[in-house]
Structure formats: C-alpha cells, structure tokens
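Here's the structure we're looking at; comments come further down.
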Amino acid sequence: MPTLPSPRTLLASSLVALVIVPACEGPAPDPGPGKEAPGPAGASPRPDSAQAPPAGPSTYTLEGVVRLTDRDDGVVSIDHEEIPGLMPAMLMDFRLEDPSLLDDVVVDDEVVGTLEVDRDGSGRVIRMEMVDLVVSRPAPPRPATAPSALPPLLPELMPGQPVPDFEMTTQDGESMRLSDLRGKVVVLTFIFTRCPQPEFCPLMDRKFGTLAARVSRSPDRAGRVRLLSVSFDPEHDTPGVLAEHARRVGAGPPLWTFAVASHEELAKVAQPLGLSYAPMTDQIRHTLSTAVIAPDGTLSRLEKGNGWGAGDLDGEIRSLLGDPGDSPAKLNK
C-alpha cells in the first residue's frame, strides 16, 4: 500500500486525494490494435542546455525529499531539486529498477538517487528509470497523531450522471464554461504544458491530435464535437503559453481548444472525473483522466490512465451522434 505524505505537504483548498494509477506511473503497456503507444515524437521537453545531448543512455544525480512511496508498483514520488541538463525542480514520480530500493525509505526522507535516461536521435527523453536511491538524511520523527488537512472526497461520476460545470479561460483569453458546449459531444482531458513525462501529458496531446484528425474527416461531425485540453497549472499556463503550446501540437479552435482553470474551479470537477493532482509552485504530481461528455452534459465514458486509443473514443463519439461511421475494422486503424 502507498505511504501517504503528511498533511502539511498538501493544499487542502484544491487538492484531491493522492493516488497512484498504474497506467500513469510508467511506460504504458502495449495498448493493442488501434491504440497509440508512447513514442519519441514530442515525447518530452528539450533539456535545459542549448546543445542537445547525444542519443543513448546517460545518468543524472537527483536530490530531494520523498513525498510518497509505493513498494507494490516500485514507484517513488520525490520533491526534487533542479537536475541540470534534464529538468527543473518539481514534484515527480519515478519508477525504480529495483523496488527493494524502497525497503529503507519513508516519506519525508531526504534522498540522493541516480537516474538512467535514454534519448532518441533528436535528444528527447524516451525512458527514465531510477537505478539507485539512498537516504541522505532520515525523516524527522512524526507526532503520534495529526489532524487531517484533506477536504471531503467527492464521488467519482458514473456514466449517465451530469458533469459539474466549471469556468475556464481559453488559449484566446476568453472566459468559457463547460456548459457553453452543451449540445455538442465534448472530449475533455487534463494536462499541463511543462509536464516532463513522455507517457503523461505529451502522450495525451498526441492522442488528441490523432482523434482530432479522425473527427475532421467529416465537417458535419467536426461541427458537433469539441476536444478540450484543460491545464491544472494556472500559475504558469497563461493564455499566451497555451496558444503557443496549441500551435506546437497542431491544435486549433473550435474543434480542439486548450484552456486553463483556477484551482477553485478545478476542485468542482477534478475528483468527479477521476483527476488527482497536487498544485505546488513548479511542482505538480498528477494522474491522467479523459472524459467523453454527451450533448446533454452527462458523462458517457471515463478513461483513467493512458491506455485508451483514438479509435475507442471516436467510436464513442459516433455512437453519441448516431453516426454509424466506418466499420470497427476501419475505426481501429
């Protein structure tokens, strides 16, 4: 079972429960026919240095504080300092080559780790794994009891239940509510533009790009569908940042829009749609969640993790629109 961080590390105003979703913790399993697997294209941001490192394996030293451990899945969440040439300081999950490295590690330990990183020919990170982890300073003693700082949990929605309304700001700087899209099929996912994990937000961008291309095959259908990528990083993801990110990944309104919401607004919808995230300065730990919302505003389908494919959601969209479309064999291409 995961060892949870102390309440002082959480922001109760907008934090949902910290959980580890297997599909979001490391390289995605083989998704099967018709589903995208993580790939190097657009997989992760460039390293900090202007000169991209050569392709192949390299190692980096990490220093930080443990915030969560999961021995069953061999994952540790570390609030780490900047790793020169790799990533800025942030809170991030790391998969361990050997889960037994966690045997003597507890939450709030200060640790030093060794990361093994593989890059493709363009210098993008395609694999990241922790091969060593040692405690440099043990965690301070904990009080026998501590009051909980977590707000009450909101239940996760079931298909057919109404999706809570919330307000956001689009990449064009315009205010919009989810209810403004009533009457259309909405596919909603959550991202942040600085996400460094290839199989997290960058993969969601690629999947949405594939889905947008499918929907665009029919102008009539494209007019009845909206793809919405909502950032949970309002401190960084301004409309200008989102507009540049949208241009880079090939997203264009009205079909595919990027938007950002405040933590207060996200608190209305995050837990009901299965999203778990910890908003901190330059540090965001999160899960993945993608929802298909029917024209009447109710939940049609909820995908947690990164195992879904564009063909899956395209079929759901067609069903909601009463469009038989292509045969299943074609949908899975």
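Every residue gets a Cβ built from N, Cα and C, even glycine.
Noted from TrEMBL: Cys195 is disulfide-bonded to Cys201, selected from Cys24, Cys201. DSSP assigns Cys195 (Cu cation binding site) to coil, not to a helix or a strand.
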